[in-house]
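Sequence annotations record features per position, and here TrEMBL assigns domain 'DNA polymerase alpha/delta/epsilon subunit B' to 16-138.
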Amino acid sequence: LSPKPPFFVPAEQRMVLVACGPYTTSDSVAYDPLADLVEVICRDRPDVCVLFGPFLDAKHEQVENCQLLGSFAEVFKFCLKMIIEGTRSAGSQLVFVPSLRDVHHDCVYPQPPFLCPDLPKDDKARVHFVPDPCTLEVD
């Protein structure tokens, strides 16, 4: 028996987790569902996590009624921090894709990627902000 030609060699498998917001319950912006997602990422250690917005939903009741304790940008930064710091031990590549319903972001299409100038240096290699629409190439 001879080995199969190189084009039949299976590529190394990658685990990709895809999630879509909103990451809050309809009655609270406490991000409890997001905390559950972070636990799943830490447990399963996917190679890539593609996270679609909205991260702070413009249609959320507390957003529409101006009941947040901070600015839209501050709440979004809290959400990012929760994801990035919470998944550090998993080592997963994180890809953030905006939504037209992200209240803190540009409401135009196509959407530019999120800006995060204060991203910790240690996380820059694994955290990626992409536009909507975009094409992702894994490996």
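Cβ atoms here come from the backbone N, Cα and C positions, even for glycine.
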Model confidence over the domain 'DNA polymerase alpha/delta/epsilon subunit B' (16-138), averaged pLDDT: 92
For the domain 'DNA polymerase alpha/delta/epsilon subunit B' (16-138), the number of residues DSSP places in helix, strand and coil: 38 helix, 24 strand, 61 coil
